[in-house]
Amino acid sequence: MKKEQAEILGFVPQKEIVYNKLLPYADQLDRESNDILAQIKGNLGRAVQLRELWPGVLFWTRKLSTYLRLYGRKFSKEDHVLFIKLLYELVTIPKLEISMMQSFARLLVNLLKKKELLSRDDLELPWRPLYDLYESILYSKTEHLGLNWFPNSVENVLKTLVKSCRVPESATQEMLDEWRPLLCPFDVTMQKAIGYFELFLPTIMPPEQHDKGFKLWFDEMMNLWVSVQNLPAWEGNLVNLFARLANDNIGYVNWDPYIPKIFTRILRSFNLPVGTSQMVVPRYLTNSYDIGHVVLWISSMLGGPQNQSQKQLNGLFSSIASFYHPSNNGRWLMKLMKLLQRLPASIVRRLHRERYKKPCWITPVPSTHKLTDQDVTDFVESMKQPVLMAMFSKTGSMDAAQALQNLALMRPELVIPPVLEKTYPAMETLTEPHQLTATLSCMIGMARSLLSGGRHYPEGPAHVLPLLMRALPGVDPNDFSKCMITFQFIATFTTLVPLVDCSSALHDKNDLTEMERELCSASAEFEDFVLQFMDRCFALIDSSTLEQTREETETEKMTHLESLVELGLSSTFSTILTQCSMEIFKVALEKVFNFATTNIFETRVAGRMVADMCRAASKCHPAESLRLFVPHCCNAITHLTANEDVSNEEELDKELLWNLQLLSEVTRVDGEKLLPYRTQLVQILQLTLRLRCKQGYSLACNLLHHVLRSTALIYPTDYCSVPGGFSRPLQEYLPIKDWGRPGDLWNLEIQWHVPSTEETAFVFYVLDLLLQPELQRLQRYAQGEQEMSRDDVLQSLCIVQHCLLGAGSMLPPLDGSTVTGLVPSMVNLEETKLYIGVDYDQSRENYREAVCKVMRQLLHYILEHSEDDTKSLFAIIKIISDLMHFKGSHKHEFDSRWKSFTLVKKSMENRLHGKKQHIRALLIDRVLLQHEMRKLLVEGCEYKTVHQDLLRDLLRLSTSTYSQVRSKAQNVLFTALGTYNFCCRDITPRVLEFLEPTRTDVTQQQFKGALYCLLGNHCGVCLANLHDWDCIAQTWPAIVRSGLSSAMSLEKPSIVRLFDDLADKVHRQYETIGIDFTVPENAVFLGRSITNSSQPTPHMGTPEDQELQQGLAVQQAKNREAEQKYEKLVKDLLECLDDRDLPWKFEHIAIGFLSLLLRDDYPLPAPAVFFFVQSLNHDALVVRKMAIAAVAGILKQLKRPRKKIPVNPCDISGVTEPEELEAGDRPGNDWLQYHSESLPNSQQDWDAFCFVEKTHWGYYSWPKKLMVYAPAAEQPKDLAPDTMSEREAIINDHFTDPTFINQLIKFLSLEDRKGKDKFNPRRFCLFKGLFRNYSDAFLPVLKPHMERLANDSHESTQRCVAEIIAGLIRGSKHWSFGKVEALWAFLIPLMRTALSNITVETYADWGTCVATACESRDPRKLHWLLEMLMECPLSGEGGSFVDACHLYVLQGGLAQQEWRVPELLHRLLSYLEPKLTQVYKNVRERIGSVLTYIFMIDVALPYTLPTKSPHIAEFTERILSQLKPLIEGDEEIQNHVVEENGVGEQDERTQAIKLLKTVLKWLMASAGRSFSTPVPQQLQLLPLLFKIAPVENDDSYDELKRDAKTCLSLMSQGLLYPEQIPMVLAVLHEIAGSSSWHARYSVLTYLQTMVFYNLFTILSSEQCVQGVRALVIRLLEDEQLEVREMAATTLSGFLQCNFLAMDSSMQTHFEALCKTRLPKKRKRDVGSVMDTIPSVDLVRRHAGVLGLSACILSSPYDVPTWMPQLLMDLSAHLNDTQPIEMTVKKTLSNFRRTHHDNWLEHKQQFTDDQLVVLTDLLVSPCYYA
């Protein structure tokens, strides 16, 4: 097969779409595809060499995408590589228009997709061009200023592209060199660098290259990940990178040392609620890991000699299992369900790769690490429990069903039986229908695994019949969802099973296995099943007849639910009949025929369902069925229409309608079988098409449509699960062997219906007989020669439309001359013709053209004479649509069928073996879809004059009087616009005519229609926004000018809304249009390689030299033209804006359009600059806002480039960098830090200083070339008025004009929305640009204003001055020393004034101002500012509030400087330390936050040296010594501090309490922000916190107690390193001996959270587990009742999440405690039941009972083997004294509650004697009184 094909093609295809080989015309496709490929290669190569990106290259790359959809990768490997290289060159053209880049990128992704087709030897692509492209778009320096407009989708397209590329082996090192210097954890560059690593680092390399691959970075990244404790945003990216690495290199990466840490972090990432009162750090929710990658990582680590991961995975599932129980719900549930659903799928994918996939160049998994059968079994076992629980989850059963489908593929014998155990009872129950829905949907997914049985699960098939029979009651008219799932269930099972009675084989054959004999005898029930199913359906139909269900008025449509039931019913019935043997079919046919012919149904609901069932029958075996139905119906109809008057009646007899309906459905069968009945059918059509009654003739039209369609279309006729059906005798063929058998793609034996000559003749005979006369009548009517009533016209149109629908596939498409001159191109833009199995007969009448001609005449006649005949217009619009596009199928039907095909495929696929092992019916469906797709692929059709006429008619309809007509016509118009090449350019001017202000004859309806035409629909073309200068230059000015049209009225809300939508859509969809269309030489060279390639040889060779020169000239001319068009568009919009009569709305729209036209590669024309600068002082706020953004962008355009030079850091520091990686503060980067003794304070120091502005350089490692700004002498001079360009002069003139500035500042200091305003970054950019470009030229004018604003404490004035100051400081980056010094001399006093006027509303703005001013600036340049802020933040002058604000502002500045100001941080800390005992809460909170930032730099990251900034450890030591009085004292700590500072110094203790309050604020603030937690230091504070934290939740507690509780909650969730755990446990043990029971109680709550959030890390050390266990068991015997109960709860939790195991030693320990003897009560103490102080014995006995109770409650959803005995032990204590009795009762009541649901299966675990006792206990009422 392959050989012959290679001979025809001349090459071996890379990978083609196999379904093409099964089409009825498959033998023609190789020639066709080679033709098209040669055409694509020739034209694409030529277009690239002629440098014609648009339309040439774009047109032919689109054709290439279409080729991929039609034939797959059907080209040679050489061509494949050439295409990829060419597209790679095109994608990475610098300055390429973004929409072109995206369209090339999507195609490139498609070409790179199947990794296995091209190895690294075949193809390597450089990574840098792609990185430059990605960087320029995702981190664009100009996008935020509005100089570039990118679509939202671009990010994902580029990411996918990067992931698909293959890079050379040297790339890893180059990437590390490029991005390592960005790894500064305090900076945003960290996120960027890790993001790049995740995206770009290659992980598929052969093992011998691993040293040049992941081994270069693995340890470094892994250590970084392990050492970060507080989940920064980039941690997720690292996880994604590790997951990809693991998946691509199974067996080559040793994960073992990290496994406990990995699983601990995965568990933390679910954010599950633990314990009683938990505070969640918000960052944990936003930055948690992506489940898809977690799943990939886990599934790649499983297996291997130790299989460590499986042990951890067991632990993971047992620790979260109970969260899956349906009674639990929360926002974490979605994540857990996703884990459940995806993990089995991921393992199946891995097994497929290891065992079944064809080997290719990618390194296979080494056999030591492949999953063994035991590994798979262990995996399935570990997932079974959670999945079975999740079946009934609140989120629905879909996730569980998908999980079970995959688990059943691997181990059917483990998962199917337990699901069956739940399914059978669910089928019996009447009260819980949701159980049925859930179990059936799970069974559907497992159907194939159940049926195929196999050696592991041979008893599977035996369940089929019992399941099918029991499912029948689910067909229930009263419960819709039950009905649907039952249909789906029955259909799924019957598709897989031939319904043939094989019982007779028991006598004939003696070689059957036991199982086969059982199935043979069971199959005798099939007939019974089919008949019972039919009875159920009949009952369903009877209960849904129309009369019962609704009023007369709503009769038109079935309700949505009814139509779904109809669909379910008909498809299930049709599946059943397809799978029946002939014997069973005949019985069923008889039954359905009798039902249909002995009753008369109304045609809307019941009638449709019955007719569907009859259609299903006749489709399966047409000959047998038609023999019954056709004569019956024809006789009935002939008989009923015998009377003359019938044809004129308005209402027809029900029986007549029903027979017509029945006939119209049963004729939807194989056309060949219809031919014997053709005379009868034609006779009926002649009788009924002219009936007066609309319902009557509509049914007749359906009959006409179906008869034509059955004979004219190409379609498969059988969908049986086995080719050839089941009619062979049992001796030679035993159907039970085919249960669950997949279709064999290579022997599908599809039976196609291809129209024979006889059928074709019949089709045209019908058209001549029935269509011709209608066309003639309509034509005479349209010419005014014959009167017709509207109803008659409509009836004729109905017949015409149904003829088109029926015979459309045989009528050749409309043809004629092409419309030329729309787009100049040097490349051939022809359409590709696809063969779809029909050879059009040119000798016959071309009805498509005839209909077209008549319809156009009729349309014009109706629009002239009776425009209100909307029904006829609707019909004509439908017909026009079909004339243009219909070749036998509709696009929307195709789309929904493709969707449902994918769904069915998913629900029944076998991902384990792969190889397209779908069932036969599905494969046939897919082949048919391939055929339909070929019919519908119409993009890039030539635009012919016929189409032009039809489009103009549609436009006329789209702007007609009635809105419904307009909207229907518009939808057809939009589809057409997307179909024909360049037709938009022809239509747009016609649409715009309606908006022309000079025209007075335009009605409001036409105006609105035209606007809708511009707007487009949500999926089609939007004429207002075609990415092309010609179109935009026409439409935008026209939209603005339409504001002057007489038809425009702003009083009509609908018109106002239309303009809003239009402007909004343009803004949303606009992408920067290219101006530069240069094609680089590399691409031209590759174009030449494509035209010179062979197999297939391109249609045309390399262009001649003169053509190439002409191409270059045209391309240069095109660039110039683009610039001119751009300038003209700007000019036109400005002209519109000059018009004084333009309404304000249109002025705003125009300014909006203008602001979209700012670009970073071409300066805005001067008049527009003038306009925007003037608009800064416009009256309307909207305009001012747009102007501010625009002027900021213009200033960026005018920014002059600064010269940069490389420097060598080692020369400056005089230190050579060490060989090994050393990050952090080291001698080599000390010169970057702030040293107050060596600041540049004079001109020469300043000039000699090497300033490094970006904060991250030098922290982690140095870049290959460190670029810094060249000395001032080499930089461009300041702007002088005589050297300015026109644009620069305009800005200069305005900003040196005092009146302009006056007005501007007045506007800027107005408030916009009260209380909502914030520091505005746009305004900041404006001022930054002014001071950057013009140095200090505008200061003299602005100074007086700034001084005035700073003195005014109003919110908006303060904000305004803050924005100016931030812009000024950042803008002064390159000023000379003299100017900078003068600037600070002015600013420092100004800022002092302003900061003393700070208010609640403005402190955030001042913080932003200073933070913005310090961002990415060398601290040594800002030393004036930093020193001013450091002066005295807590002077106390302005009261506590001003102090807090000063701190906030200072913090903003220092935080931006990160690690470069250790000296300032030390100074600040020593300044703050004595003030930590501050009284005021707001100052305390602020100090807490500032401390977090001071210690932020003290991180424990790998390869990082200890910081020079303050260390937490030393600070904590000092604090602890001050807190001594509290730690040592034993009495309760009360918050009894007097808030005013009393006279004299208070005692140490009061001071310590005040200090503690601040320290708590600091601990709370740092929990979510710092990277690493100083555990050893925090531990020393724990005893103190435990002492204070209250036990109950009560908001009335004072701040101190609440904070202490919060701190404990946050600390207990912290991630611990293994070496820290023993330290924590030691402290907890110590506190457990404390005298305060509150502290002992809190130890337990702390322990619960800490253990769960560090589960696997603690489990990996046996010693720690024993420590925890000892602690809990010790506290079980605490003297305080509350502590004992909490200990029991804790123990139960630890047992439940499998942290501790229930072993015999624990059981005997508790049983022994229970037997503690209690002292006898004395008789005379009857009054006092108990001594108030519990005796030691009572406590011990209670501890034992609590222990047993904890064990019982730790298994809420099942009954382990040890449980019955413990329940017996417990019951012995029912009559003990309190509190024991209470505990026992509570336990029993809980046990009853949690085990009640599944008591039937739990009962099995107990012996009869135990059950007697238990029933007594659980039922006797007194215990629950």
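Cβ from N, Cα, C; glycine included.
Taken from Swiss-Prot, the feature region 'Bromodomain-like (BRDL)' applies to 1632-1720.
Feature annotation from Swiss-Prot assigns repeat 'HEAT 1' to 458-502. Across the repeat 'HEAT 1' (458-502), mean pLDDT in this model comes to 91.
The helix, strand and coil residue counts that DSSP assigns across the repeat 'HEAT 2' (981-1020) are 23 helix, 0 strand, 17 coil. For 981-1020, the entry in Swiss-Prot reads repeat 'HEAT 2'.
Non-local neighbours of the repeat 'HEAT 3' (1162-1200) in the same chain are 142, 145-147, 1075, 1123, 1126-1127, 1130-1131, 1134, 1137, 1144, 1147-1148, 1151-1152, 1154-1155, 1276, 1285-1288, 1290-1291, 1294, 1300, 1303-1304, 1307, 1312, 1322-1323, 1325-1326, 1329-1330, 1332-1333; each lies 6+ residues outside the stretch with a CB under 8 Å from one of its CB atoms. Among the features that Swiss-Prot reports, repeat 'HEAT 3' is placed at 1162-1200.
Taken from Swiss-Prot, the feature repeat 'HEAT 4' applies to 1336-1374. DSSP places the residues of the repeat 'HEAT 4' (1336-1374) in helix, strand and coil in these numbers: 33 helix, 0 strand, 6 coil.
If you look up Swiss-Prot, you'll see 1618-1656 marked as repeat 'HEAT 5'. Sequence-distant neighbours of the repeat 'HEAT 5' (1618-1656) (same chain, 6+ residues past either end, Cβ-Cβ under 8 Å): 259-261, 263-264, 267-268, 272, 274-278, 312, 315-316, 319, 1530, 1532, 1575-1576, 1579, 1582-1583, 1586-1587, 1589-1591, 1608-1609, 1611-1612, 1663-1664, 1667-1668, 1671-1672, 1674-1675, 1678, 1680, 1682-1683, 1686-1687, 1689-1690, 1693-1694, 1697, 1699.
According to Swiss-Prot, the feature repeat 'HEAT 6' maps to 1662-1700. Sequence-distant contacts of the repeat 'HEAT 6' (1662-1700) (same chain, six or more residues past either end, CB-CB distance under 8 Å): 274, 314-315, 318-320, 322, 1591, 1621-1622, 1625, 1628-1629, 1632, 1637, 1640-1641, 1643-1645, 1647-1648, 1651-1652, 1655, 1706, 1709, 1713, 1734, 1739-1740, 1742-1743, 1746-1747, 1749-1751, 1753-1756, 1779, 1783.
The DSSP breakdown of the repeat 'HEAT 3' (1162-1200) into helical (H, G, I), extended (E, B) and coil residues amounts to 28 helix, 0 strand, 11 coil. The repeat 'HEAT 1' (458-502): residue composition by secondary structure is 32 helix, 1 strand, 12 coil, according to DSSP.
Note: the repeat 'HEAT 6' (1662-1700) comprises 31 helix, 0 strand, 8 coil (DSSP; helix = H, G, I, strand = E, B).
Note: the repeat 'HEAT 5' (1618-1656) comprises 34 helix, 0 strand, 5 coil (DSSP; helix = H, G, I, strand = E, B).
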